[in-house]
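Have a look at the structure below, then the notes.
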Amino acid sequence: MSGIDPKRFGKVAVLFGGESAEREVSLTSGRLVLQGLRDAGIDAHPFDPAERPLSALKDEGFVRAFNALHGGYGENGQIQGALDFYGIRYTGSGVLGSALGLDKFRTKLVWQQTGVPTPPFETVMRGDDYAARATDIVAKLGLPLFVKPASEGSSVAVLKVKTADALPAALSEAATHDKIVIVEKSIEGGGEYTACIAGDLDLPLIKIVPAGEFYDYHAKYVANDTQYLIPCGLPAEQETELKRIARRAFDVLGCTDWGRADFMLDAAGNAYFLEVNTAPGMTDHSLPPKAARSIGISYSELVVKVLALTLND
């Protein structure tokens, strides 16, 4: 194990559930995190903010929290701000990094200004003339395209659009989830990868090969036919450089401690970063446990390592 006395952590709340579209994933993540911490002898307890007021954390003597909430207020800076107010240390990024990390639009603006490569994109606002915007966007970006709400995670409501005729309906659907919709040029030819970060540890890259069109919600959490390639098959020098860029993509957003950065490669091997995740899934389908396991780090050891980062705050 980590060599840290479990008593140093004090009473720990595992935050999971919540009220976002990712509630069910969070419940699964949280239960596994809870068991992993308990397996290491840590005094960990379940806590669902959808069912109990956050003030109970302070009232009941919790001193730190493992945030296994996904999406919504669990990942957009709100829970982080509340925990700061109550003086409870927590895993993952603070208010700024969490808020930026969940907002794909502002993430891309920061990356454009700091030299992190990201696919060309356009934004559409809820209520725009979707047919007119679709014509303009196809002329600028071509096809195929990805349409996604700016602030949903786990690929919720993400659609791949292959024809101009299908774009207006995709825009309308995405706009029911967020007032800002991102329309992104699809990067083809080199595959999808993720870089998992845990403190000073850059875990091995994972190449994701979904059975369907792309790595959507079903492929992430339901299907058993998605392939996860570790090692990812890239030359060592290229993998090292991609890890460096992933770390920069994470850092320039103000993200800290642990998370994930997802990117595509084109046919020439150029990387284009899609998003970061500041509270990654921790289910049996999730990527950080897979990456850790590939280098001999067990699930329990990983969650203890993540929680141990709160000792350094």
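First residue shown is number 1, and so on along the chain.
Even glycines carry a Cβ here, placed using N, Cα and C.
Annotation comment: Swiss-Prot describes 138-193 as ATP binding site. Val138 (ATP binding site) falls within a helical segment according to DSSP.
The Mg(2+) 1 binding site feature in Swiss-Prot is assigned to Asp262, Glu275. Same-chain residues at least 6 positions away in sequence with a Cβ under 8 Å from that of Glu275 (Mg(2+) 1 binding site) are, in sequence order, Gly101, Lys104, Thr107, Ala261, Asp262.
Marked as Mg(2+) 2 binding site by Swiss-Prot on the basis of sequence analysis: Glu275, Asn277. Around Asn277 (Mg(2+) 2 binding site), taking its Cβ as the centre, 25 other Cβ atoms fall within 10 Å, counting all chains.
Here Swiss-Prot flags 108-308 as domain 'ATP-grasp'.
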- line: Reading the DSSP string in three states, the entry for Ile180 (ATP binding site) is strand
- prompt: Could you tell me the C-alpha distance between Val138 (ATP binding site) and Asn277 (Mg(2+) 2 binding site) in angstrom, no decimals?
  reply: 28
- prompt: Any idea what the Cα distance is from Ile187 (ATP binding site) over to Asn277 (Mg(2+) 2 binding site), rounded to a whole Å?
  reply: 20
